[in-house]
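Engineer: Handing you this structure, nothing more for now.
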(Lines of atoms letter the chains of each structure in order from A and count residues from 1; the text may use other names and numbers.)
(Lines give C-alpha, C1' and ligand atoms only; values in the text may rest on other atoms or scores of the structure.)
Protein backbone atom coordinates (compact mmCIF):
# COMPACT_ATOMS: atom_id res chain seq x y z
CA UNK A 1 0.00 0.00 0.00
CA UNK A 2 2.70 2.48 1.02
CA UNK A 3 4.92 1.41 -1.88
CA UNK A 4 2.15 2.23 -4.35
CA UNK A 5 1.82 5.69 -2.81
CA UNK A 6 5.56 6.32 -3.05
CA UNK A 7 5.67 5.15 -6.68
CA UNK A 8 2.69 7.39 -7.54
CA UNK A 9 4.32 10.35 -5.77
CA UNK A 10 7.63 9.88 -7.61
CA UNK A 11 5.78 9.43 -10.90
CA UNK A 12 3.90 12.68 -10.36
CA UNK A 13 7.08 14.56 -9.37
CA UNK A 14 8.89 13.38 -12.48
CA UNK A 15 5.83 14.16 -14.60
CA UNK A 16 5.98 17.81 -13.52
CA UNK A 17 9.39 18.19 -15.21
CA UNK A 18 8.35 16.55 -18.45
CA UNK A 19 5.96 19.34 -19.41
CA UNK A 20 2.96 18.37 -21.51
CA UNK A 21 3.06 14.79 -20.22
CA UNK A 22 2.84 16.16 -16.66
CA UNK A 23 -0.36 18.00 -17.49
CA UNK A 24 -1.76 14.89 -19.13
CA UNK A 25 -0.99 12.79 -16.05
CA UNK A 26 -2.68 15.34 -13.80
CA UNK A 27 -5.76 15.46 -16.00
CA UNK A 28 -5.92 11.67 -16.11
CA UNK A 29 -5.51 11.35 -12.33
CA UNK A 30 -8.18 13.96 -11.61
CA UNK A 31 -10.49 12.26 -14.13
CA UNK A 32 -9.87 8.90 -12.45
CA UNK A 33 -10.62 10.42 -9.05
CA UNK A 34 -13.83 12.03 -10.28
CA UNK A 35 -14.87 8.78 -11.95
CA UNK A 36 -14.38 6.89 -8.68
CA UNK A 37 -16.45 9.52 -6.85
CA UNK A 38 -19.24 9.14 -9.44
CA UNK A 39 -19.08 5.35 -9.10
CA UNK A 40 -19.58 5.83 -5.35
CA UNK A 41 -22.99 7.39 -6.07
CA UNK A 42 -24.26 4.18 -7.62
CA UNK A 43 -22.26 1.54 -5.72
CA UNK A 44 -22.19 2.72 -2.10
CA UNK A 45 -19.59 1.41 0.27
CA UNK A 46 -17.15 4.26 0.79
CA UNK A 47 -14.02 2.72 -0.71
CA UNK A 48 -14.32 4.08 -4.27
CA UNK A 49 -15.35 7.54 -3.04
CA UNK A 50 -12.56 7.76 -0.48
CA UNK A 51 -9.91 6.66 -2.98
CA UNK A 52 -11.31 9.08 -5.58
CA UNK A 53 -11.24 11.98 -3.12
CA UNK A 54 -7.66 11.15 -2.11
CA UNK A 55 -6.51 10.96 -5.74
CA UNK A 56 -8.12 14.32 -6.60
CA UNK A 57 -6.86 15.97 -3.41
CA UNK A 58 -3.27 14.75 -3.80
CA UNK A 59 -3.13 15.55 -7.51
CA UNK A 60 -4.22 19.11 -6.87
CA UNK A 61 -1.94 19.45 -3.84
CA UNK A 62 1.19 18.34 -5.72
CA UNK A 63 0.43 20.44 -8.79
CA UNK A 64 -0.30 23.83 -7.18
CA UNK A 65 2.39 26.28 -6.07
CA UNK A 66 0.66 28.01 -3.16
CA UNK A 67 -2.06 27.29 -0.66
CA UNK A 68 -4.41 29.89 -2.18
CA UNK A 69 -4.00 28.29 -5.62
CA UNK A 70 -4.72 24.92 -4.06
CA UNK A 71 -8.04 26.07 -2.59
CA UNK A 72 -9.09 27.82 -5.79
CA UNK A 73 -8.39 24.73 -7.88
CA UNK A 74 -10.02 22.46 -5.28
CA UNK A 75 -13.16 24.63 -5.40
CA UNK A 76 -13.24 24.49 -9.20
CA UNK A 77 -12.74 20.71 -9.23
CA UNK A 78 -15.55 20.36 -6.69
CA UNK A 79 -17.88 22.37 -8.93
CA UNK A 80 -16.87 20.26 -11.94
CA UNK A 81 -17.50 17.06 -9.95
CA UNK A 82 -20.96 18.24 -8.94
CA UNK A 83 -21.70 19.15 -12.55
CA UNK A 84 -20.55 15.74 -13.83
CA UNK A 85 -22.64 13.93 -11.22
CA UNK A 86 -25.71 15.99 -12.14
CA UNK A 87 -25.09 15.29 -15.83
CA UNK A 88 -24.77 11.56 -15.21
CA UNK A 89 -27.95 11.71 -13.10
CA UNK A 90 -29.80 13.34 -16.03
CA UNK A 91 -28.45 10.90 -18.62
CA UNK A 92 -29.43 7.72 -16.77
CA UNK A 93 -33.12 6.92 -17.38
CA UNK A 94 -35.47 7.49 -14.47
CA UNK A 95 -36.63 3.85 -14.45
CA UNK A 96 -33.08 2.59 -13.92
CA UNK A 97 -32.40 5.15 -11.17
CA UNK A 98 -35.61 4.24 -9.34
CA UNK A 99 -34.97 0.52 -9.68
CA UNK A 100 -31.47 0.76 -8.20
CA UNK A 101 -32.02 3.41 -5.54
CA UNK A 102 -35.44 2.56 -4.11
CA UNK A 103 -36.88 -0.56 -2.51
CA UNK A 104 -39.24 -2.20 -4.99
CA UNK A 105 -40.91 -4.82 -2.77
CA UNK A 106 -44.40 -4.35 -1.42
CA UNK A 107 -44.88 -5.07 2.27
CA UNK A 108 -48.40 -6.51 2.09
CA UNK A 109 -50.16 -9.19 4.11
CA UNK A 110 -50.37 -11.30 0.97
CA UNK A 111 -46.57 -11.49 0.88
CA UNK A 112 -46.31 -12.40 4.56
CA UNK A 113 -45.71 -9.01 6.15
CA UNK A 114 -47.76 -8.20 9.21
CA UNK A 115 -47.38 -4.95 11.12
CA UNK A 116 -47.01 -4.86 14.89
CA UNK A 117 -50.35 -5.44 16.60
CA UNK A 118 -52.15 -2.44 18.00
CA UNK A 119 -51.72 -2.34 21.78
CA UNK A 120 -54.00 0.60 22.64
CA UNK A 121 -56.52 -1.74 24.32
CA UNK A 122 -54.08 -2.41 27.17
CA UNK A 123 -54.04 1.22 28.32
CA UNK A 124 -54.81 1.58 32.08
CA UNK A 125 -54.83 -2.21 32.60
CA UNK A 126 -52.93 -3.80 35.47
CA UNK A 127 -50.48 -6.66 35.19
CA UNK A 128 -47.46 -8.30 36.83
CA UNK A 129 -43.84 -8.16 35.71
CA UNK A 130 -42.53 -11.57 34.56
CA UNK A 131 -38.93 -10.37 34.29
CA UNK A 132 -36.95 -7.44 35.63
CA UNK A 133 -37.68 -4.32 33.58
CA UNK A 134 -34.29 -2.58 33.05
CA UNK A 135 -35.95 -0.58 31.50
CA UNK A 136 -37.65 -3.15 29.22
CA UNK A 137 -38.75 -6.73 29.77
CA UNK A 138 -41.88 -8.91 29.92
CA UNK A 139 -45.14 -8.39 31.77
CA UNK A 140 -48.27 -10.51 32.08
CA UNK A 141 -51.76 -9.08 31.66
CA UNK A 142 -54.39 -11.78 32.08
CA UNK A 143 -53.00 -14.81 30.25
CA UNK A 144 -50.88 -12.83 27.76
CA UNK A 145 -47.16 -12.11 28.13
CA UNK A 146 -46.20 -8.82 26.48
CA UNK A 147 -43.16 -6.61 25.91
CA UNK A 148 -43.07 -3.61 28.21
CA UNK A 149 -40.83 -0.74 29.16
CA UNK A 150 -40.59 0.82 32.61
CA UNK A 151 -41.45 4.50 32.83
CA UNK A 152 -38.46 5.06 35.10
CA UNK A 153 -35.25 3.21 35.98
CA UNK A 154 -36.25 -0.45 36.61
CA UNK A 155 -38.92 -2.64 38.19
CA UNK A 156 -38.22 -5.98 39.89
CA UNK A 157 -39.88 -9.21 38.68
CA UNK A 158 -43.23 -10.12 40.28
CA UNK A 159 -44.27 -6.50 41.00
CA UNK A 160 -47.73 -5.17 40.05
CA UNK A 161 -47.71 -2.57 37.23
CA UNK A 162 -50.19 -0.44 35.31
CA UNK A 163 -49.98 0.40 31.60
CA UNK A 164 -49.70 4.19 31.21
CA UNK A 165 -48.84 4.42 27.52
CA UNK A 166 -48.11 2.63 24.26
CA UNK A 167 -45.12 3.19 21.93
CA UNK A 168 -45.37 1.04 18.81
CA UNK A 169 -45.82 -2.52 20.01
CA UNK A 170 -44.28 -1.88 23.44
CA UNK A 171 -46.27 -0.96 26.54
CA UNK A 172 -45.05 1.74 28.92
CA UNK A 173 -45.70 0.72 32.52
CA UNK A 174 -45.44 2.23 36.00
CA UNK A 175 -45.05 0.22 39.20
CA UNK A 176 -48.09 0.17 41.48
CA UNK A 177 -47.18 1.01 45.07
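Including glycine, each Cβ sits where the backbone N, Cα and C put it.
Since the structure is predicted, the reported quantities are computational estimates derived from the model, not experimental observations.
In case it helps, TrEMBL gives these features for our protein:
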TRANSMEM  20-39  transmembrane segment
TRANSMEM  46-64  transmembrane segment
TRANSMEM  70-92  transmembrane segment
DOMAIN    121-174  domain 'NfeD-like C-terminal'
Engineer: With a Cβ cut-off under 8 Å, give me the same-chain residues at least six positions beyond the ends of the transmembrane segment (46-64) that come close to it.
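Structural biologist: Contacts with the transmembrane segment (46-64): 9, 12-13, 16, 26, 29-30, 32-37, 39-40, 70, 73-74, 77, 81.
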Engineer: Where else in the chain does the transmembrane segment (70-92) make close Cβ contacts, counting only residues six or more beyond its ends and a cut-off under 8 Å?
Structural biologist: 30, 34, 37-38, 41, 56-57, 60-61, 63-64
Engineer: For the domain 'NfeD-like C-terminal' (121-174), what are the DSSP-based totals of helix, strand and coil residues?
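Structural biologist: In the domain 'NfeD-like C-terminal' (121-174), the DSSP-based counts are 2 helix, 32 strand, 20 coil.
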